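Participant: Take a look at what TrEMBL says about it:
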type: ACT_SITE; residues: His99; note: active site, electrophile
type: ACT_SITE; residues: Glu171; note: active site, proton acceptor
type: BINDING; residues: Asn9, Trp10, Lys11, Gly177, Ser217, Gly238, Gly239; note: substrate binding site
Amino acid sequence: MRKNIVAGNWKMNTTLQDGQALISEIVNMVQDEVTGSQVEVVVCPPFPFLSVIGKQLPQGGRFHLGAQNCHQKESGAFTGEVSAQMLQSVGAEYVILGHSERRQYFREDDELLSQKLKAALAAGLKPIFCVGESLETREAEDTFKFIEKQLKDGLFHLSNEEFDQVVVAYEPIWAIGTGKTATSAQAQEVHAFIREQIARAYDAEAADNTTILYGGSANAQNARELFSQPDVDGGLIGGASLKSRDFTEIIKSF
Ligand SMILES: O=C(CO)COP(=O)(O)O
């Protein structure tokens, strides 16, 4: 079902102690200040903190725990890796897959991401599947073609039932960590396009029910404008999710 979600991707930041202090501030501020709106908050700390941070989140409310990656296999001799089932067992409900940093630095391609998606879904996790073009692709006016291919090759192999569990995040690479946010019109244009592709691959109902988040230099100043767009259902926030006041303001932007 389509929801409003603000997700914080901490990436490889904080110590456990700093992360605990951050989340306790966020929880307090959100509980004091965010009233009425149904926005769901997903916190995605690094693997070693998941269990501890998860326990700090008020249960049964708007807060949910997410991970930033998972391995494609259920278990076995894969030293240093973390399975979807492990994440589920420590309380994660979501997992980010296909982030451009993983595609770029860890060479995750559509084939591997398809396997990771299957593994996440089999473990009962909800994937937050990221797509997004580089500056070069945008300047060559190939954005739509590129996004269409990422969706087709990485995501649309899922069955209707599987796809129901997926949140899509549009993260233009040129906007990530750069301070260059997509304008609300640029975001809306691509979000509407993604929804159209979902309607084609599945049906209108699936398209209407899919939550599509925007990510890339979203902050307390621009969130309201971005979230006011009809096809922008929330944000996947990097840098600003590490500052309790900024993150709370973004949550309040609905
Ligand atoms: O990559 C992002 C979230 O996954 C966005 O990062 P920034 O908000 O730091 O640009």
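Each Cβ is built from the backbone N, Cα and C atoms, and glycine gets one as well.
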Participant: Ligand 1 is in the model; which of the binding-site residues Trp10, Lys11, Gly177, Ser217, Gly239 have a C-beta less than 6 angstroms from one of its atoms?
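Facilitator: Checked binding-site residues vs ligand 1; flagged Gly177, Ser217, Gly239.
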Participant: Counting every protein chain present, what is the number of Cβ atoms, excluding its own, within 10 Å of the Cβ of Gly239 (substrate binding site)?
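Facilitator: A 10 Å sphere around the Cβ of Gly239 (substrate binding site) contains 19 other Cβ atoms.
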Participant: Which one is it: of the binding-site residues Gly177, Gly238, which Cβ has the fewest other Cβ atoms within 10 Å in this structure?
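Facilitator: So among Gly177, Gly238, the binding-site residues given, the one with the fewest Cβ atoms within 10 Å is Gly177.
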Participant: Among Asn9, Trp10, Lys11, Gly177, Ser217, Gly238, Gly239, listed as contacts of substrate, what is the widest Cα spread in Å, to the nearest whole number?
Facilitator: 14
Participant: Cα of Trp10 (substrate binding site) to Cα of Glu171 (active site, proton acceptor): how many Å, rounded?
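Facilitator: Cα-Cα distance, Trp10 (substrate binding site) to Glu171 (active site, proton acceptor): 15 Å.
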Participant: List the same-chain residues at least 6 positions away in sequence whose Cβ sits under 8 Å from the Cβ of Asn9 (substrate binding site), in sequence order, or say none.
Facilitator: Cys44, Gln68, Ile96, His99, Gly215, Leu236, Ile237, Gly238, Ser241
Participant: At a 10 Å cut-off from the C-beta of the residue listed as 'active site, electrophile', count the other C-beta atoms across all protein chains.
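Facilitator: Result for the residue listed as 'active site, electrophile': 26 neighbouring Cβ atoms inside 10 Å.
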Participant: Whole-number Å only: compute the distance from the Cα of Gly177 (substrate binding site) to the Cα of Glu171 (active site, proton acceptor).
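Facilitator: Here the two Cα atoms lie 11 Å apart.
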Participant: Report, in whole Å, the straight Cα-to-Cα distance of Glu171 (active site, proton acceptor) from Gly239 (substrate binding site).
Facilitator: 14
Participant: Any idea what DSSP makes of Gly239 (substrate binding site), helix, strand or coil?
Facilitator: helix
Participant: So, in DSSP terms, is Asn9 (substrate binding site) helix, strand, or coil?
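Facilitator: SS state of Asn9 (substrate binding site) = strand.
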Participant: If you draw a 10 Å sphere on the Cβ of the residue listed as 'active site, proton acceptor', how many other Cβ atoms land inside?
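Facilitator: Total other Cβ atoms inside 10 Å, all chains included: 26.
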